[in-house]
Protein chains: 2
Amino acid sequence: MASLTPLKDIGEFALIRRLQQKINLRQPSTVLGIGDDAAILAPAAGQEVVVSTDLLVEGIHFDLMFCPLRHLGYKAVAVNVSDIAAMNAVPTQIVVGLSTGPRLTVEAIEELYEGMRLACEAYKVDLVGGDTTSSRGGLTISITALGQVEAGKAVRRSGGKPTDLLCVSGDLGGAFLGLQVLEREKQAFLADPETQPELGSYEYVVQRQLKPEARLDIVHELRELGVTPTSMIDISDGLASEVMHLCAGSGTGARVFSEYLPLANPTLEAAAEFNLDPITCALNGGEDYELLFTVPVTDHAKIKNHPDITIIGHLTEKEDAVNLITKGGQAVPLQAQGWTAF
Amino acid sequence: MASLTPLKDIGEFALIRRLQQKINLRQPSTVLGIGDDAAILAPAAGQEVVVSTDLLVEGIHFDLMFCPLRHLGYKAVAVNVSDIAAMNAVPTQIVVGLSTGPRLTVEAIEELYEGMRLACEAYKVDLVGGDTTSSRGGLTISITALGQVEAGKAVRRSGGKPTDLLCVSGDLGGAFLGLQVLEREKQAFLADPETQPELGSYEYVVQRQLKPEARLDIVHELRELGVTPTSMIDISDGLASEVMHLCAGSGTGARVFSEYLPLANPTLEAAAEFNLDPITCALNGGEDYELLFTVPVTDHAKIKNHPDITIIGHLTEKEDAVNLITKGGQAVPLQAQGWTAF
């Protein structure tokens, strides 16, 4: 086993130098990256800048017992890129704040940054600034992402109109079931540390939990199809909560058809095994990081055959409220359980 | 006493709505603030964007026992604005990440945000985004600040040349002595909770610790004087460490004259009482958030009479190293103790 270096042995400046060496800059808008009081960016002419920030807190958003640091680093970047994508923008830079207790070694922090570096590579994002400090508690990762979008072309939550089609990318509920699998394996391990984890048949849902991808591909594909969503939001807290946000922002109601919700086979299988309703997992599970968006009904032909976009319903007048339409045709008011982390 | 609301009683969404109501937007470059997946900014034509991020962690950077939440909120914004000022840029927006344990009430978080709001007002900065979450540990505040500067006019750490004059704004060492006073009062309080704090004669140094100001005024005044610093950095970790950073970036040495270091009278008095060398407090104390910058020697006449700028030495060839010149004329290599928080 390679020797492990306590953080206090090298100090903050040396750690930053070590991490900095591995960073490549690839965005034309990055004038100056890490190493000064601030990074310098030169957004392209005619572009607006979008900015979003997210905190990931140990014990609340992740459990280091089953979340490998490299995956965690990747996910931390992906969830921020997802917010940028949800504005119809392309991510360009991130800055990273990291606070960690003495438990994590230099090598562990490097693993975490390696995951971030891989995500930056995948999404063509430059890591241009950071702050690394100690804490008395666990690990906290704070990422702020910047992106660019043609002036006036950012898509908000508020632009949806009654009759607009309500669409989601990918499939839902998987990340939540992946978490159930990981929690179960953790309990088994705690009961008997000799137990080998059995994740084989759950690979898909576990992957959805540990290494979600931001749907930047959908942003690019919609552009190629000539479709500009009227409103958009990313699905971090579960579909129900996001539909409520979108409708509140747009001043509309909605009809969401439960039988149209996209559920992958491994998700259905895992739900059956855990005796959970897959529809509930999709509505309230969260962490799928898919995109929820609306398009005018006149764009129906352009998207109906897209293999990775599903039309799950449509917006209505506000008075009609936000309803889930069951298979039997019954309208049930949608509950935004969302995410109350307090 | 007004009733206090546990955070869990209102949840994240309601807390954000409560905080959001108090936010005013004043920057012309802010197109959309809090409330969507990301904020939308439209930097003015010909401007570059600077971005910097900082974490403040309870137990490491602040002690809630003597740091009022409103001051803490103010300081969290000020230290980020200081980084933007150190680039010769004007701050425009911030985004805030906050994680807190169940100990803090809704009213406490509102106090913290009130401090941030006051700082945003003072520095004409818009709070455009945030993430608020729980933690199992203490309070962590993560702020990312954005600013703007005319393209090509950002001042880096790397532009200093031998013979350039080394200047600081304001005075040094006060924040460190303020911390000593607060720590002493804390110990007195822990020993006897009936003790009333005696901060009267220490008001200046305590203020320097609890409510530092970013020297944005100096950035504006240098512009009015027609002086563009060749290099600049803000003094967060103590003068010695920052001089070393600036010299490393610029590829120079420096001579810093101890007798020229600006020390306020209350700082000298507090140092005497605590039996500390005020020069050492200035060199290694940190948290003064003044600006350290260099100007060509030809600008001497323009700055020599500025009441709030002190010339403390000059840059030299790299081979001459970074030296403190004592009152007796002796050259002592400067030690960058800086800040190793691990």
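Our numbering is plain: 1 for the first residue shown, then up by one each step along the chain.
From the backbone N, Cα and C atoms, a Cβ is placed for every residue, glycine too.
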Statement: Of B:Ser29, B:Ser52, the one that TrEMBL places in the same Mg(2+) 4 site as B:Asp37, B:Asp83 is B:Ser52
Field: Candidate sharing the ATP site with B:Gly130, B:Asp131, B:Arg157, B:Ser236 (per TrEMBL), from B:Tyr113, B:Tyr260
entry: B:Tyr113
Query: When C-beta separations to chain A are restricted to under 8 angstroms, which of the binding-site residues B:Asp83, B:Ser236, B:Asp237 qualify?
result: B:Asp83
Query: Which whole-number mean pLDDT does the model give the domain 'PurM-like N-terminal' (B:35-149)?
result: 93
- prompt: What three-state class does DSSP give B:Tyr113 (ATP binding site)?
  reply: helix
Query: What subset of the binding-site residues B:His61, B:Asp83, B:Tyr113, B:Gly130 lies within 10 angstroms of B:Ser52 (Mg(2+) 4 binding site), using C-alpha positions?
result: B:Asp83
- line: Three-class DSSP assignment, B:Asp83 (Mg(2+) 3 binding site), comes back as helix
- request: By Cβ count within 10 Å, point out the most packed of the binding-site residues listed: B:Ser52, B:Thr53, B:Ser236.
  value: B:Ser52
